[in-house]
Every structure is written in structure tokens, then in C-alpha cells.
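**Q** Structure below; questions to follow.
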Amino acid sequence: MTAGRQAEGEGTDHASARLPSWVAKLLSALFYGTCSFLLVLVNKALLTTYRFPSPIVLGIGQMAVTIMILYVSKLNKVIHFPDFDKKIPIKLFPLPLLYIGNHISGLSSTSKLSLPMFTVLRKFTIPLTLLLETIILGKQYSLNIIVSVFAIILGAFIAAGSDLAFNLEGYIFVFLNDIFTAANGVYTKQKMDPKELGKYGVLFYNACFMIIPTLIISVSTGDLRQATEFNQWKNVLFIIQFLLSCFLGFLLMYSTLLCSYYNSALTTAVVGAIKNVSVAYIGMLVGGDYIFSVLNFVGLNICMAGGLRYSFLTLNSQLKPKQPVDEENIPQDLKG
């Protein structure tokens, strides 16, 4: 187990030696944004176009793929993380609960809202993350950052207030998803100590601890039965997209960890919001569930402008590594 920890630390040191810290931050953010963008589109197709009835089963598939890929990689010594011991659940708590809540609420809200409204309402993750980072991690942010966050929220309020396809259940799920995402990002940043579980250990044990309870929920609610009786299982295109969603689910979880590891949880939340610039505008043209209104469109654009400004401010600060705010975001093993 000690060797595994050393190997993971060595791997991180070698990677940091090859890449300047700001490049690692930028690449991890782009990787996360790309994975998140692709997964939203694929899930939207599965849950809306094909009308797959079971978001929970889709989440179970993503967890199963995550467990298999990481376990096989560990067996082949491609990656390293500690073997299981009784202290691991204590080290992880409350991440597994936040992880499953994030998974189920995210998939459920995707199926019940138009893509533009889904992406706008997900912006509320940003102020929640800022608040939690201030309380839990003791971070402080400049007035420019706070103003950018305010613009994002203002745009989201305007767009949501004029949503002509209002769906109360969808709104509840997406706000729950915002809460779980914000808490998950902040606690992940806190738990991801290379000397403890490391990023791969956090990812693997999160999925392991929650796949059985999620399966039980799926069976007890009839969700699994609906999935097994779904009439598209002989459709090759549907199966390919289902498997792609499972694989992208793994990539999204991994890229989220990388982005939080090299940046801050707030930056990860905002990268997700910036990714939604493309998703929102694509959603106006595809999916068939967006209803245009001038006020809604104005709100969307205010929201996106605030997110882009935040990204500019964050990137600018990362290009100045000597600033104190940036130093807080550099992992301990990169400082040494």
C-alpha cells in the first residue's frame, strides 16, 4: 500500500515536472469541459429522444464501468490506490452520499428539462460552491469574481422566470443537483490527499460503496423493471449510445477529479457552466423541447457572459502563479 502511494506520488511529480502548473490547470479544465459537454448530449438523446425510462440504471452502468476500468488498471499496475481497509469509509464520508445524490438528480433533471433551461439552472452550482469553499476551505475571492458570479445568477433568474416550458419536478431535481454538485466538488478537494486515498482511490471507492444501494433503490422503485422491459434493447444505435454514456460517465468523474485537483472546486463548477454555452445554443436547435422567448434568450446570454468573464479572470490569475489566491489552489505535492 505504501508502494502504491509512493508510485502515485511519483507519477504526479513526473507529470508536474513535464507541465507547468498553469498548463496542467488549463488542460484539466478543458478535459472536464469536453467530457461534460459530450455526456450531456448523449444522456439527452437517451432520455429524451429514445425515452429511456431509467436514469438510475444509466447511473448504475456508469458506476460499473468506473469500477471495472479502475480495478483492471490497478491489477495491471497502470494506476495505484490503497487496498480496502475499515478506515476508508470514514475517510470518504460524506462523499459517497453526495456522489449518488449528484448522479441521480443530474440524470433525472436532464430528462425533464430542455437543454437551455437545464444548463441555465445548473449555474446555481457556482454560488453554492463559492459559499461552501468560503465556509469549509476558508477561501476568499475578489470583487471581480463575485460580480461575475452575480451576473451568472441574474441571467439564470431572468431565463428561468420566462421559461415557457416550466416543469416543477425538473426544477426540483436540478436544484438538488446543484446542491449535491457543489458539496461534492468542495469535499472532493478536501479528501483528495495523495498520502491518503489519492484521486483514483476516491473515484474507485465512491463507486464501490454506492453501486449496491443504488441498485436496491432501482429495484424497489420499479426503475430496473422499466429498464429491462424497454423496447429499444435490440436497437444497435441505442445500445452504442448507452455504452458510450457509461464510458463518458467514467471519464466525467475522472476529469472532474483532475480539474478539482489542479484548480479549485469553484473553477470546476464554472468550467461546467462555460461548457453549457455550446450546449444551450445547440439545445435551441435540437431536442425539440425549447420554446423561444425574447426574455428567456436575453437571460441565457447574460448568464453565459458572466460565465465567460469568470473564465477570463480565472485564467488570467493562473498565468500569474505568484499571486496568493493562485497559490491556494496548487496541490501540496506541486508546491514541494
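Note that Cβ sites are derived from N, Cα and C of the backbone, with glycine treated the same way.
Sharing the feature lines straight out of TrEMBL:
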TRANSMEM  26-46  transmembrane segment
DOMAIN    28-311  domain 'Sugar phosphate transporter'
TRANSMEM  52-72  transmembrane segment
TRANSMEM  141-159  transmembrane segment
TRANSMEM  171-188  transmembrane segment
TRANSMEM  200-221  transmembrane segment
TRANSMEM  233-254  transmembrane segment
TRANSMEM  261-284  transmembrane segment
TRANSMEM  290-312  transmembrane segment
**Q** Across the whole of the domain 'Sugar phosphate transporter' (28-311), what does the mean pLDDT come to? Round it, please.
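**A** A mean pLDDT of 80 is what the predicted model shows over the domain 'Sugar phosphate transporter' (28-311).
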**Q** Given pairs 6 or more apart, does the transmembrane segment (233-254) have at least three Cβ pairs under 8 Å with the transmembrane segment (52-72)?
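**A** Contact criterion met.
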**Q** Return yes if the transmembrane segment (141-159) and the transmembrane segment (290-312) have at least 3 CB pairs under 8 Å (sequence gap of 6 or more), otherwise no.
**A** yes
**Q** In the same chain, which residue numbers or ranges, 6 or more beyond the ends of the transmembrane segment (200-221), come under 8 angstroms Cβ to Cβ?
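**A** Beyond its ends, the transmembrane segment (200-221) has Cβ neighbours at 8, 54, 56-57, 59-60, 63-64, 66-67, 70-71, 73-74, 79-82, 84, 88-89, 92, 95-96, 99-100, 103-104, 188, 191-192, 227, 253-254, 257.
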